[in-house]
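These notes are about the structure you will find just below.
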Amino acid sequence: MNQINEEYIEDYIRGLLPDNNLHLKIMEKYAEENHVPIVQPEVAQFLKVLLKLKKPKNILEVGTAIGYSAILMAEYTGEHCNITTIERRNDMIKLAEENISNTIYKSRIKILEGDAEEVLLTLDGKYDFIFLDAAKGQYIDFFNKCIKYLEPGGVIVSDNVLYKGMVATDALVIRRKKTIVKRLRQFLQYINEIECYTSSIIPIGDGVAITYREE
Ligand SMILES: C[S@@+](CC[C@H](N)C(=O)[O-])C[C@H]1O[C@@H](n2cnc3c(N)ncnc32)[C@H](O)[C@@H]1O
């Protein structure tokens, strides 16, 4: 059990999901064998549905890793949708570049190298869909920086917000994760209270929050 859902629920939902294409499957295998955390299958499926509904033209992602979710988002959006993704680890950037260059989406995905805290101060575009999937302890900071670039009617999806269930109950909190848990709790409180935004927390994967900016 992942502490968010009972294993039988997760297994059942995963059993219903359609297979991804071969390229994504190869990346899933690589991620599993090399312990690279990528978006979980039911969260990936949720993203696909949101992207079909929202039809974004400009996506910003914080946390590229090997480029799996960037490629997945390219696959589920139209040819006029561009994706900008931020990553600070050189080894991940190299792998993501390789993976992206092997797809038909390479002209639509741009990797920005560096710490998101700094990179997010330097953007000049506007985005209608933002995916936060990086250091959980910095989510409030990422969120506040990102909303400056978010179009009215835009959406921010934040992954891992329930962090193995620890965010919802002290009974699960591991001592060395106390600070991250405290910050995630503050983040969830914040996105539920901030004016002109509407949020929902969905207990799938490791917990996903979706935040809508009013028009
Ligand atoms: C969970 S992984 C991203 C997975 C990816 N979104 C996917 O599903 O395929 C998180 C990534 O964020 C990167 N990261 C964490 N904090 C960051 C920061 N402050 N700036 C830039 N990248 C960061 C990590 O190096 C890691 O590769």
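Numbering starts at 1 and runs along the chain as displayed.
Note that Cβ sites are derived from N, Cα and C of the backbone, with glycine treated the same way.
Going by what TrEMBL states, the Mg(2+) site holds Asp159, Asn160, and the candidate of Asp124, Asp128, Asp133 recorded there is Asp133. Record check, TrEMBL: S-adenosyl-L-methionine site residues include Val39, Glu87, Asp115, Ala116, Asp133, and the candidate from Ser69, Ser101, Ser158 also listed there is Ser69. Residues from the binding-site residues list (Ala116, Asp159, Asn160) with a C-beta closer than 6 Å to any atom of ligand 1: Ala116. Neighbours of Ala116 (S-adenosyl-L-methionine binding site), defined as other CB atoms within 10 A of its CB across all chains, total 23.
Separation of the C-alpha atoms of Ala116 (S-adenosyl-L-methionine binding site) and Asp159 (Mg(2+) binding site): 16 Å, rounded to the nearest whole number.
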